[in-house]
Amino acid sequence: MKLQMPPIKQLYVWLFVLILAIIFVVGASSYNLANQKSDYVHFSSPDETANYFFTKLYAKTGELSVFENYNLSASDIVHPRSFRSDRGWLKPVSFLGIILIFGTIAKVVGLGIIPFLMPIFGAIGIIFFYLLVEKLFSSRRIALLSAALLTFFPVYIYYSARSMFHNVLFIVLAIMAFYFLSSLLENRAGEIKTDPRFFTGHFNRRDFILAALSGLFFGLAVITRVSELLWLAPALVLIFIFYFKRFNIFRLIVLITFFLLALLPMAYWNQALYGSFTSGGYVEMNQSLTSIATIGNQGFSLGEAVKKVGNTIFYFGFRPRQSLTMFYNYVVLMFPWLAGLATLGLIWLLVSYKQFRKKYLVYLLVWGLVSVILVLYYGSWKFTDNPDPRRFTIGNSYTRYWLPVYLGAIPLAAYFIDRLSRLLSGKKALIRSALSLLVVYAIFLYSAIFVMFGSEEGLVNVTYSNRVDYDLYAQVIELTPPPAVIITKYHDKVLFPERRVLIGLFSDDQMNKIYFKLAQVAPLYYLNFQLKPEDFNYLKTRKLANFGLDIELVKVINKDFALYKLSSKK
């Protein structure tokens, strides 16, 4: 029988959790408060730019595409990165969940809330993480420590502050779904224990609500990042195997029904935008799904089919050694405190065999399975978000893709802190709490410094870069007319949507032919590194002249970049 905490202590516990959530919202929101202006809301990556643009568009119009008439003359190349153009219609490349969820909220609350929704969802995630860990370990102390560690975890803070990435929203929705699932499957105190049967098991109103909420939030998580089904589906299958009887047919039907209902908005927009319920903006993912779906019709043997599926899933290769290297760099070296404390917590939990429970085994197996899948899958890729490929920094995609790995380790770290403080303090509760708080405070200081100043992608450095970008933006907007199209390599995220942009250089002759057509219907500019005199003369007298184009310097914007005007000679 579970001991109930006195009401006053429960109040203090919840007060502490709410304080953590408020601290998180204020801290993570301060980044956008410092960077966004009423007339200038821009983000530091193409993905964020696209998500914000389409979220705002959906909130204002209920649409997820906008027509770009210049693309009728420009072979669909006039668009920023993370956009696609289909016969002139600009559409999202990325997953639709964040756009639909944030856009729906912004319809009700207002467009100004959009940059701050991720910190709010991050705070909700802290609350539900506390609830989930409390169910897992039946310990409010471990749950509180876990919530505190999550509040101050650098990757969780960073990608809540960088508020238009999908990853934190996905992980919050998944945490909520797992919490409702664990509530559905638990044996409640005071209930008469029966022998549950899958086809004739217990089902009541509470079961309906929990199954519905679990399915709903799993569905919302999936539409936020469909690719996470790669590990989410095996994790749920593993849980189902261990708790087969507790699911029972009624709970399972309700859960699956609400899961599918949550997928309907994505399916509708996939059909409307991309021509199929299962297609999305990622061309590679569409090709992979088509390839897997047609394997059964191609006469492969079982071994060949398995190999084909494996090669399709690991689209960018399967490199276990590289995966281990990336794991070492982005887990062990980047967050040694988490790796160390979680390892010690795992050992302590395993040697406490007399207290070891079935739910601990399921948790460890699920976390282990998820970690192996994510490390092998994403670790086999080569991400170069940082211009210097030799640098291992928080802004590289591995950190956000491995959020489930980090979060799965946090309860083990909290478990070790709790057990060690108990061992050192004996039965003195005040000393035990003081020791735990001291460790958490040290982690907070480390994390704050790491997030703010830990690399060239720390939030302080990104803020400085954003101010440089704003100065460039203000000059280019003043120097170019509203109908202008600007060819650029890096500044699409800075100039769009106030100016039309396309990603390009002058090295591709086919692109140069399109530039000539575009220059006949639109003011055309080129923004990139300032050209050396000899390079400028070569472009003006030979390279571009061969395509009927002229180039003139408009202005040197700063020490690195310059703006040029392209015009048609014919």
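Every residue gets a Cβ built from N, Cα and C, even glycine.
Feature list (source: TrEMBL):
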TRANSMEM  12-34  transmembrane segment
TRANSMEM  89-106  transmembrane segment
TRANSMEM  112-133  transmembrane segment
TRANSMEM  142-159  transmembrane segment
TRANSMEM  165-185  transmembrane segment
TRANSMEM  206-223  transmembrane segment
TRANSMEM  229-245  transmembrane segment
TRANSMEM  252-269  transmembrane segment
TRANSMEM  327-351  transmembrane segment
TRANSMEM  360-381  transmembrane segment
TRANSMEM  401-417  transmembrane segment
TRANSMEM  429-453  transmembrane segment
Quick check: do the transmembrane segment (89-106) and the transmembrane segment (229-245) share at least 3 Cβ pairs under 8 Å, counting only pairs 6+ apart in sequence? no
Using a threshold of three or more Cβ pairs below 8 Å, and leaving out pairs closer than 6 in sequence, do the transmembrane segment (142-159) and the transmembrane segment (360-381) count as in contact? no
Sequence-distant contacts of the transmembrane segment (142-159), meaning Cβ under 8 Å and at least 6 residues beyond its ends, amount to 13, 16-17, 20-21, 23-24, 27-28, 118, 122, 125-127, 129-131, 133-134, 165, 167-168, 335, 338, 394-395, 399-400, 402-403, 406-407, 410-411, 413-415, 417-418, 436, 440, 443-444, 447-448, 450-451, 454, 459
Within the same chain, the residues 6 or more beyond the ends of the transmembrane segment (429-453) and with Cβ under 8 Å of it are 141, 145, 148-149, 152-154, 157-158, 161, 337, 394, 417-418, 420-422, 459-461
Is it true that the transmembrane segment (165-185) and the transmembrane segment (327-351) have 3 or more CB pairs under 8 Å, sequence gap of 6 or more? no
